[in-house]
Amino acid sequence: MKILVLNCGSSSIKYKLFDMTTKEVLAQGGIEKIGLVGSFLKLTLPNGEKKILEKDIPEHTAGIEFILNTLVSPEYGAIKSLDEINAVGHRMVHGGERFSESVLLNKEVLDAFIACNDLAPLHNPANLKGVNAVSAILPNVPQVGVFDTAFHQTMPDYAYMYAIPYELYEKYGVRRYGFHGTSHRYVSQRVCEFLGVDPKGKKIITCHIGNGGSISAIKDGKCIDTSMGLTPLEGLVMGTRSGDIDAGAVTFIMEKEGLNATGVSNLLNKKSGVLGVSGVSSDMRELEAAVAAGNPKAILAEKMYFYRIKKYIGAYAAALGGVDIILFTGGVGENQANCRSEVCEGLEFMGVKIDLEKNKVRGEEAIISADDSKVTVAVIPTDEELMIASDTLAILNK
């Protein structure tokens, strides 16, 4: 059983082809700069070698056609024929309240997904382009949608509602939805497998820390709260996003700077966060170098970044009524030891104790808490694509 997983962005398509009998990745890569000058496909060969194939890719259908042709090409192919692809699983960003689990895509489902476009005007239409492209090229292959927001649909209303006039929720669906749900679901399940424990009765805080970041509180395997909101702008300090900010500060800045809604959205989403404070970069590796060189704004940005994560862990420990497992994932969470140690420093009162030697781990599954730590602290690399492929397989087998 071979499943192709697609993640279509506004100008990019990432893909992974899995053989689900072994969960082996047969092929992976991505197209960048769709519709722009200099578009290309970057792929990883089975031996780990990377190749870049340049080609003019005006839109998503041409991109997916290029990917499929590459998958069966004599030189870079992983399969002999496209008939070997049994199904396609799509990362779908915003499923609103309509989707609390992964679904087989049909006209009714896609119409409901299109109705959520207002909530993710950049991402949802791009996801849809991917689905339509596959329908055009492989009309008989079943497609499954896996929603970033679905895992968080178990939050209680008092956690997801905003304290604004209730009719704004009724009219426009303004509430907390949360994102990175497929990642939070994967790592929270995987850490229980890794530790050999039952998710039932466990209180887990999952920290997905990358250029974008979010934290979730998970009780008995279900999400009860998460840091991102109606959009991915709420919560943690991120690479270019502000995270939590007083709404009054937003209107104040709009007046002072003469910004409209688009302008202030651009400021908070693309020019803020670590980049905005440090003036150096949104990349934590570059920020680290600036911190090491003694750059005061970089030092401030890093402290703010770590502090916000720590604050959310404390809040979610309260929401859960304690915590059994704290888990780090995402590009920064998996690879940056100082992020994990700084965040956990001062949490000893909660029973958190890091083993500095164990914490040197990068990008692999590990327990990094000390043997006498009451709370287990773990690193679990996320695998959203495998989760999407697994869901797709489960739906096919229904």
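Even glycines carry a Cβ here, placed using N, Cα and C.
If you draw a 10 Å sphere around the CB of ASP148 (active site, proton donor/acceptor), it holds 26 other CB atoms from the protein chains shown. Positions annotated as active site, proton donor/acceptor by Swiss-Prot, on the basis of sequence analysis: ASP148.
There are 22 other CB atoms within 10 A of the CB of ASN7 (Mg(2+) binding site), with all protein chains counted. Residues annotated as Mg(2+) binding site in Swiss-Prot, with sequence analysis given as evidence: ASN7, GLU384.
Per Swiss-Prot, the feature ATP binding site maps to LYS14, HIS208, ILE209, GLY210, ASN211, GLY212, ASP283, MET284, ARG285, GLY331, VAL332, GLY333, GLU334, ASN335. Sequence-distant neighbours of LYS14 (ATP binding site) (same chain, 6+ apart, CB under 8 A from its CB) are LEU6, ASN7, GLY29, GLY30.
Positions annotated as substrate binding site by Swiss-Prot, on the basis of sequence analysis: ARG91. When secondary structure is read from DSSP and collapsed to three states, ARG91 (substrate binding site) falls in the strand class.
What Swiss-Prot lists as site 'Transition state stabilizer' is HIS180 (among others), and the listing cites sequence analysis. Under the three-state DSSP scheme, HIS180 (site 'Transition state stabilizer') falls in the coil class.
Annotation source Swiss-Prot lists site 'Transition state stabilizer' at ARG241 (among others), citing sequence analysis. Around the Cβ of ARG241 (site 'Transition state stabilizer'), the same chain contributes GLY212, PRO232, LEU233, LEU268, ASN269, SER272, GLY273, each under 8 angstroms and 6 or more positions distant in sequence.
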Inset, instruction - Between GLU384 (Mg(2+) binding site) and ARG285 (ATP binding site), find the distance joining the two CA atoms and give it rounded to the nearest Å. - result: 23
Inset, instruction - Sort out the sequence-distant neighbours of ASP283 (ATP binding site) for me: same chain, 6+ apart, CB within less than 8 Å of its CB, listed by position. - result: ASN211, GLY239
Legend entry - Sparsest-packed among the recorded positions, when each Cβ's other Cβ atoms within 10 Å are tallied, from ARG91, HIS180, ARG285: ARG285
Inset, instruction - Do me a favour and check the Cα-Cα span between VAL332 (ATP binding site) and HIS180 (site 'Transition state stabilizer'); whole Å is fine. - result: 15
Inset, instruction - Please classify the secondary structure at GLU384 (Mg(2+) binding site) using three-state DSSP. - result: helix
Inset, instruction - Could you state the whole-number distance in Å separating the C-alpha atoms of HIS180 (site 'Transition state stabilizer') and ARG285 (ATP binding site)? - result: 22
Inset, instruction - Please find, for LYS14, HIS208, ILE209, GLY210, ASN211, GLY212, ASP283, MET284, ARG285, GLY331, VAL332, GLY333, GLU334, ASN335 as listed binding ATP, the greatest distance between any two Cα atoms, in Å. - result: 23
